[in-house]
Every structure is written in structure tokens, then in C-alpha cells.
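**Q** Per Swiss-Prot, signal peptide is recorded for 1-37. Among the features that Swiss-Prot reports, region 'RESP18 homology domain' is placed at 38-134. The topological domain 'Lumenal' annotation in Swiss-Prot covers 38-575, and the record cites sequence analysis as its basis. Annotation comment: Swiss-Prot describes Cys56-Cys65 as disulfide bond. Look at Swiss-Prot and you will find 113-173, 289-330, 392-443, 644-680 tagged as region 'Disordered'. What Swiss-Prot records for 449-575, 601-732 is region 'Sufficient for dimerization of proICA512'. Annotated N-linked glycosylation site per Swiss-Prot: Asn506, Asn524, in sequence order. According to Swiss-Prot, the feature transmembrane segment maps to 576-600, an assignment based on sequence analysis. According to Swiss-Prot, the feature topological domain 'Cytoplasmic' maps to 601-979. What Swiss-Prot records for 648-677 is compositional bias 'Low complexity'. Per Swiss-Prot, the feature domain 'Tyrosine-protein phosphatase' maps to 709-969; the stated evidence is sequence analysis.
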Amino acid sequence: MRRPRRPGGSGGSGGSGGLRLLVCLLLLSGRPGGCSAISAHGCLFDRRLCSHLEVCIQDGLFGQCQAGVGQARPLLQVTSPVLQRLQGVLRQLMSQGLSWHDDLTQHVISQEMERIPRLRPPEPHPRDRSGLVPRKPGPAGELLTQGNPTGSSPAAQGFPRPAGGRSWGGSPLSSLQAELLPPLLEHLLMPPQPPHPALTYEPALLQPYLFHQFGSRDGSRGSESSSGVVGVGHLSKAEGPALFSRSASKAILGTHSGHSFGDLTGPSPAQLFQDSGLLYMAQELPVPGRARAPRLPENGGNRAEDSSEGHEEEVLGGRGEKSPPQAAQPELSLQRLTAVLAGYGVELRQLTPEQFSTLLTLLQLLPKGTGRNLEGAVNVGGADVKKTIQQMQRGDPAEALPPTPSLPGYLTASPASSEVQQVLSPGFPEPPHTPSPLGSSSVLLEKKSPLGQSQPTVVGRPSARPSAEEYGYIVTDQKPLSLVAGVRLLEILAEHVHMSSGSFINISVVGPAVTFRIRHNEQNLSLADVTQQAGLVKSELEAQTGLQILQTGVGQREEAAEVLPRQAHGISPMRSVLLTLVALAGVAGLLVALAVALCMRHHSRQRDKERLAALGPEGAHGDTTFEYQDLCRQHMATKSLFNRAEGQPEPSRVSSVSSQFSDAAQASPSSHSSTPSWCEEPAQANMDISTGHMILAYMEDHLRNRDRLAKEWQALCAYQAEPNTCAAAQDESNIKKNRHPDFLPYDHARIKLKVESSPSRSDYINASPIIEHDPRMPAYIATQGPLSHTIADFWQMVWESGCTVIVMLTPLVEDGVKQCDRYWPDEGSSLYHVYEVNLVSEHIWCEDFLVRSFYLKNLQTQETRTLTQFHFLSWPAEGTPASTRPLLDFRRKVNKCYRGRSCPIIVHCSDGAGRTGTYILIDMVLNRMAKGVKEIDIAATLEHVRDQRPGLVRSKDQFEFALTAVAEEVNAILKALPQ
């Protein structure tokens with residue numbers, strides 16, 4: 001016979017994960033129409049492979065469909081190489097999307113099964129063969145005939161002879177397991193169900209991680225039978241009763257203790273399949289046509305109560321017109337039968353006489369005490385099964401399935417076959433509780449409370465167990481701990497405590513810990529004993545596994561999931577040190593951020609003061625008094641060569657402007673001395689209320705209409721002045737006198753200096769006269785901030801134009817960029833060519849602007865003048881002030897400090913365009929309104945000033961700021977007018 005090939009060949013790669021594919025294939029639902037049911041393999045895992053005329057016979061591995069009982073086939077000799085070979089084959093079939101119902105799957109499996117060696121079962125005793133079917137028809141025979149119409153009765157299956165030489169002779173049902181009573185009852189009471197319709201293939205069932213949803217690694221989902229006990233596993237809601245379940249196949253195989261399964265070499269089947277996903281369980285698709293079909297009672301007697309559907313009452317309602325005879329039956333038997341039927345929602349009066357006689361005979365044939373256990377199982381566990389199925393259908397992984405207790409029986413299995421049982425029970429590992437000893441009349445049942453807590457109940461004796469399930473755990477230093485490493489650790493621990501590795505059940509990994517439970521063992525070791533021994537042999541376990549064991553103990557599942565990871569964290573010193581450092585770094589970061597915020601706030605308050613302090617001489621701020629100004633005036637007067645008495649001021653301050661063009665030395669007229677007047681009376685305006693409101697409404701509408709404002713600005717940008725030549729400014733000798741090459745004065749509108757008085761012997765300076773209405777007298781001179789080599793030209797322009805007011809709109813340095821050179825002395829006096837400038841006072845009016853007073857003396861003519869500089873500090877380059885109020889207050893100070901204006905005001909920023917043009921536009925428009933002009937066109941006014949100097953008002957924001965400032969000033973004027 002051909003030897004099976006080793007893994008790694010064509011059969012597949014083997015190893016963990018392959019058995020997950022095996023389980024998914026075993027759980028695939030649906031049957032293609034072309035699949036033949038003759039000799040179909042896998043019926044132990046999917047009973048729908050066999051038709052209602054076929055039976056599923058045991059072949060030692062998957063099960064095979066056969067028409068009729070026939071002759072028992074030899075069992076397969078399953079060895080480790082065989083299992084590995086099948087694992088690879090099933091993995092390849094799984095990768096192709098095939099299931100048990102596909103022809104290709106059946107063909108391949110058939111070929112592989114032919115290669116497996118066979119074992120001939122021992123010849124049964126003549127009494128055994130005669131005991132399979134009753135010699136005389138009787139109630140028990142009727143029961144088997146009615147209860148198993150599909151041929152799934154134990155006799156039809158050809159049950160092997162029980163171990164120990166027991167036979168089926170004598171009473172036909174004397175050795176029938178108590179677990180088989182509920183299926184027989186259900187087949188007896190319920191009519192045969194039609195076969196399943198073809199189900200569709202569900203790819204989601206192939207997900208290898210369905211274990212976390214319906215698996216039973218944690219021990220809370222699944223069932224276990226003690227050795228040799230036939231257990232009925234959990235079935236989906238859509239699946240009808242079947243004796244050929246996965247747990248049933250495990251019990252059938254367990255009866256062959258005399259075969260060669262205990263002599264296997266190499267790793268045991270349980271070790272091969274444990275980490276390969278064989279314990280995974282998938283939920284079958286519900287069948288609409290079978291939604292009301294009865295389910296196989298779980299736990300050997302726990303039948304789900306479908307009281308809401310009332311299926312049993314509907315089926316039996318028409319059969320029980322008359323009550324069965326009860327007087328002739330023993331009272332005890334009637335009580336037992338009543339208790340059993342109560343679990344199914346059936347009353348005695350609903351039974352036919354034939355059904356009543358059959359059930360009563362069956363109860364009498366059962367061993368004494370079994371009925372009582374069954375009654376408790378039916379009454380206690382029915383509601384839990386229904387709840388469990390509903391939770392599985394909802395896919396709720398948080399609610400654990402109730403454990404399925406096992407009932408005592410007579411079929412036993414050898415230790416060697418128990419390993420094969422684990423392999424052939426893919427969906428059901430061992431139960432989470434320690435089973436009662438064989439033959440005990442007490443059955444431990446566990447109910448699930450609404451909070452998910454396990455509540456064990458013992459039928460027949462008081463409860464001796466705590467209400468919560470306990471698990472042993474071993475915490476390691478490896479996180480996450482793999483399942484393979486956890487199983488390896490438990491195998492080594494089993495060797496040290498002289499236990500079988502199969503004694504560990506419900507093995508799972510929670511973070512760095514492996515949790516487990518202990519089944520009943522020969523040494524009678526409990527969880528506490530095993531964990532204590534693990535602590536004693538800690539060093540040996542660490543040496544053999546390479547893991548560091550941090551803690552061992554016994555606790556609940558919740559503790560293993562929640563408490564253990566925290567303990568592992570607390571044990572690691574490096575982790576605690578890192579967490580402490582991170583926390584300290586976070587606190588330090590918060591403190592640093594708070595300190596930076598406070599420093600920035602303090603710096604913002606001191607920035608203006610420091611900036612103002614840098615503009616003036618040291619120690620000069622406290623000495624600027626009006627007395628000092630008077631002393632300076634007296635000092636400058638005594639130094640006059642002509643020693644004239646100062647005359648009465650003339651109404652016009654430009655009456656002596658012509659003296660600038662005279663070569664003879666002339667006295668300095670008082671008209672060129674600006675007399676400060678710090679009055680705060682409101683400006684006199686010739687605006688009436690109606691005109692003011694009209695202008696204000698127009699300005700507000702202009703500002704609200706953003707589209708109109710944008711179109712107006714676009715038109716202003718497209719405007720070109722005529723003429724617009726700048727030849728003088730672009731001359732090679734004058735290029736270095738320009739701060740910005742884009743803002744140059746027009747040839748027809750520029751200030752010309754006297755060549756004979758200029759140190760550079762040139763008449764050029766980057767300055768433009770701005771005429772308001774009188775071409776003979778400009779109202780403003782717009783100029784750039786003086787450069788270091790043009791300061792003398794600037795003072796010459798101030799002297800020759802007769803200006804007494806300078807409006808400076810830029811700081812000297814902004815964001816590290818020099819905006820303007822200092823053209824006045826820090827303290828005392830400074831000489832610029834022939835012009836001596838003496839700083840008289842520097843007064844900080846507010847945080848936004850300050851005022852300086854100068855004496856300007858021409859050393860050639862010995863003439864002295866007084867002038868005032870208003871320096872605005874809160875206007876950023878190419879931007880606008882944060883509010884219009886500071887600039888409007890600044891403008892009022894400029895206009896109120898001097899009576900009349902007969903000479904131009906010098907206005908400069910850095911480039912002499914953006915901020916300079918905005919201030920001139922605001923002041924010009926407001927002056928026109930103060931004179932009573934009825935029509936105001938700000939855009940036309942801007943075009944007018946741009947005809948005289950290019951680039952005035954550089955941005956749309958500056959233009960909008962000018963409109964806003966005009967509107968607010970008009971509003972202030974209207975409030976000041978008498979109502």
C-alpha cells in the first residue's frame with residue numbers, strides 16, 4: 001500500500017493555520033445539485049451530505065454516507081503523517097473555494113482515503129449482533145422506528161461493541177446513553193422534517209478568526225463529555241436533530257480502545273491540530289424554511305424552549321383528543337415522564353396512547369436516577385440554550401455560551417482514543433468545568449445570568465462549587481504571548497507535575513499570560529495545585545522555554561483579561577521608568593509653555609516702551625518739560641547774530657517763504673515757528689446733520705458691498721497717470737538716492753532743491769508735492785524715509801519748503817528690516833551740512849504715537865525755526881493698523897496743535913507710497929467734508945493724488961481702511977454736532 005506523503009510536498013505546507021481551512025470546509029453549508037451523495041465523505045461533520053435514505057457510517061475519520069446498513073467497513077488507521085497529508089490536501093481545496101458538497105472535493109478526498117491503511121474491527125460476539133435489532137417488535141422497537149426515520153438510530157449506525165465486552169443483548173435499551181433520550185424523544189414527538197434546501201456558499205465562514213466570535217478557546221463556549229460519554233454539541237438554530245454530530249463521532253470512535261491509535265509515533269493529533277485552528281467554530285446560515293424546525297437538545301437533555309413559537313403544541317395539538325390511561329401506571333413513573341415532557345412544553349393529555357406507552361417503556365428501561373438527572377437538565381438548561389443560540393446569531397462575542405455539562409453513561413474511551421476525539425471535534429474543545437466522576441448521579445449544570453455570570457446548579461445534591469469559573473494563569477515576560485509558546489509551556493509543566501498534556505483544557509492566551517483549566521485527572525490535582533507546582537518549578541520552566549515567568553495563580557476569566565496585563569506593566573521596571581520620564585517631560589513641557597506664554601505677554605507690553613526708548617536719548621524722557629523748551633528758546637534767541645526782538649505772529653506762516661530764495665541774511669519770522677497748542681476742543685466742522693448722515697450711509701453701503709469695493713479697486717489699479725515719466729529719478733546719479741526703485745516721483749511733480757545749497761550739487765530728492773485745490777501751495781509733501789546719505793537733503797527740503805510739521809508713519813526698524821534712518825539727534829544737537837538740528841523734547845503721547853520738538857537752524861543765514869514731528873508707531877509695513885481709532889486720534893493731534901495751515905505738511909513712511917498715501921487720502925477727504933463739501937468721491941480723490949505721485953495707497957486693505965476711517969470720523973463729527 002502506498003505510504004502517505006509527508007507535509008511539504010504537493011499536499012500543502014502544513015503547520016498552523018492549515019487546520020483552520022479544514023474546519024471552515026467542514027462547516028460550509030449548501031449542497032450543489034450536481035454533488036452525488038453516494039459514498040460521500042464528511043457526513044460526521046455535515047449530516048446533510050447524506051439523503052434521508054442513507055446513513056452515515058463511521059470510518060474512523062470523516063464519516064461516509066451509505067445506502068442502508070450494509071456490512072461494517074473497516075476503520076482507517078489514522079496516523080500523524082496521514083493527518084498532515086489530509087491537512088495539506090484540505091488547505092489546497094480550501095484555497096480553491098471548494099466545500100464538502102463539491103464533486104472535486106469528494107473525488108480528491110476519496111483518492112486520499114484509498115491511500116490510508118485500514119483496520120479490521122474485531123468480530124462481534126453473536127449476542128452483540130443479535131442485540132442490534134430487537135427480536136420481537138415491541139414498544140422499544142416502535143420507538144426506534146419512529147424516532148429515527150432517517151436511519152440515524154444507534155442500531156442503524158452499526159454501533160461498535162462497547163469496550164470491556166459489554167453487549168447490546170438483554171434489554172435492548174439497557175445500555176443506551178441518557179444523552180440519546182432527548183433526540184429519541186424529539187424524533188418521536190416531532191414529524192420528520194423535509195431535507196434542507198440548497199444553501200449558498202458564504203465566504204464569511206472561511207474567515208479564520210471566527211473563533212473569536214463563536215470559538216471556545218476560553219472555555220466558556222463549547223461542550224465536553226467525560227471519557228466515553230456520548231456528547232451532543234452545539235448546533236446552529238437552522239440545524240435539525242442529528243445523532244451524527246461532531247461530538248457523537250467522538251464518542252463512537254472512543255469505543256474502539258483496542259485499535260492502534262494509542263501506539264502512534266511522533267506528535268499527537270491533538271498537538272498537531274491545537275494551534276492550527278481546528279477548534280474554530282463557524283455559524284451556519286439560517287434556513288428560512290427551517291426557521292421553526294426543532295433543534296437537537298443540547299447537553300444530552302437541554303432542549304431550547306421555543307415557547308413563543310409553540311411548535312410542539314402545534315404538532316401535537318391534534319393528536320391528544322383523549323387522555324392516556326394513567327391509573328394502571330406507577331405513580332413514580334408518571335412523575336418522571338411528566339417532568340421529562342414538561343421540558344418540551346408537552347403535557348400527558350396531548351400524547352396518543354402509542355406515544356405514551358413507548359415513552360413510559362423507555363423510561364423504565366433506563367437506569368435508575370437517569371430520569372431525574374434528565375428532568376433537571378431539561379428544566380434547567382432549556383432557557384440557557386435558547387439564549388445562547390440567540391447570542392450566537394447576534395454575533396455577540398462578549399456574552400459567553402453556557403457550558404454544556406455531560407451526563408454519566410456506559411460507553412468508555414481509552415486514553416489513547418481521547419486524543420483522536422480532540423482532533424475529530426473541531427468545534428468543541430473540553431468543557432470549562434471539571435466533570436463529575438463516572439457513575440455519579442449528580443449533574444452539574446451552569447446557568448447564565450443576565451450579567452453573564454455562571455451559576456452552577458447541581459441536581460440531586462447541594463452545590464459545592466463557587467459561582468464563578470476559575471482559571472489558572474501563568475504570566476510571562478513575552479507580550480503578546482503566542483498560543484504555540486503557551487501550549488509548549490503547559491506541556492513542559494505537565495511533564496514536571498506528572499500529568500498528561502490532555503489534562504489542560506480551555507487553553508487561551510491573554511496578553512502575556514496563558515490561562516487554562518484542569519480536567520479530572522488521576523492525580524486529583526486542582527488548579528491551585530498545578531499553579532503552585534508551576535511556581536516551584538519556575539526555574540526549570542524558564543530554562544526549557546526561554547520565557548521568564550513573572551506570576552502564577554488562580555482567578556476568574558475577567559481577572560485574566562483585565563488584571564494580569566496591569567500586573568505585568570507594574571512588574572517591568574524599565575516600562576515604569578519610561579512612563580515616569582514621559583510624565584515628567586509632559587509636565588515640564590506644560591510649565592515651559594506657560595512660562596513662554598507669560599514671557600510673550602510681558603514682552604508684548606514692554607515692546608512698545610522699549611521701542612520708544614530706543615528712539616530717544618538715554619535719560620531724556622524725564623527731562624522733557626515745557627520749562628526746558630523755554631530755556632532752549634531763550635538759548636537759541638541769544639545766539640542769534642541779529643539779536644532782534646521777536647515780532648507779533650502774522651496770520652499766515654508762509655508770508656516769509658520768499659526769504660528762502662534771498663541771498664541776504666534775514667531774520668527768522670515767527671511765522672515759521674510752530675507754537676504747540678495741546679487743546680482738546682472738538683474740531684469745528686461746517687457739516688450739517690443731513691449731509692453727514694447721507695455721507696455716512698453712502699460710506700457704510702460702500703463698505704458692505706464687497707463686490708463693488710473690489711471692482712472699484714481693480715479700476716484704480718488699472719488707472720495710469722498722464723504724464724508719468726520719471727527720468728530724473730532714474731538718472732544714474734540719482735538712483736542711489738531712492739530707497740525703493742518702484743516708487744519714484746514724476747518729472748512734472750517733484751520737489752527741486754537749490755543746487756547751490758545742496759551738498760551733492762543736485763536738485764533731486766525723492767519727494768512729491770501733493771496739491772489739494774491751490775496749485776500754488778501744496779498741502780502735503782509725500783516723501784520716502786531718509787537714507788543715511790540723504791539726511792542733509794531732507795533737512796534742506798524742510799527748510800526751503802517752510803514746513804513746521806513732519807508726520808512720520810513708520811518705525812525705524814520693523815521685523816529686523818530698516819524702514820528709515822534716524823534723521824534727528826539722539827540728544828542735544830546734530831549738524832547735517834549747514835543745518836543744525838536740536839532736539840528740544842520728546843513726549844510719549846500714548847503707546848501708538850509720540851511727539852518730538854526740534855529747533856532747526858541754518859548756519860549760513862543764522863535763521864532758526866521750530867518744528868514738530870508726530871511719529872506714529874502702530875502701522876505695520878504693507879498693512880493697516882489694528883483699529884482706526886489710534887490713527888484718527890493721531891490725525892486730530894496733528895491738526896489741532898497748530899492754528900491754520902499755510903505751509904505743507906511733510907508726510908513720509910518707508911517708501912513714501914503705501915502708508916503715506918493712505919494718511920494723505922484720509923486727511924484730504926475729511927478736510928473737504930469739514931469745509932462743507934456736499935459730494936465726496938474717495939476713489940476720484942485717490943486718482944487725483946496718484947496723478948502727483950505713483951503708488952499712493954498700495955493695497956486694497958489700505959484703501960478699505962481709508963474708507964472705514966472716514967466713515968468713523970463722520971460718525972464722530974455727527975455725534976459732536978448740536979442736535
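Using N, Cα and C of the backbone, Cβ positions are placed for all residues, glycine too.
Let's see these features in context: how buried, what's close, how far.
**A** Across the topological domain 'Lumenal' (38-575), mean pLDDT in this model comes to 57.
Secondary structure from DSSP puts Cys65 (disulfide bond) in a beta strand. With a 10 A radius on its CB, Cys65 (disulfide bond) counts 21 other CB atoms from all the protein chains.
Cβ-based neighbour count (10 Å, all protein chains) for Asn506 (N-linked glycosylation site) stands at 27. Look at Asn506 (N-linked glycosylation site): DSSP puts it in a strand.
Cβ neighbour count for Asn524 (N-linked glycosylation site) (all protein chains, 10 Å cutoff from its Cβ): 7.
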**Q** Neighbour count, 10 Å Cβ-Cβ cut-off, for Cys56 (disulfide bond): what number do you get?
**A** 29
**Q** Which secondary structure state does DSSP assign to Asn524 (N-linked glycosylation site), in the simple three-class scheme?
**A** coil
**Q** Looking only at C-alpha atoms, tell me how far Cys56 (disulfide bond) is from Asn506 (N-linked glycosylation site), rounded to the nearest Å.
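**A** The separation of the Cα atoms works out to 30 Å.
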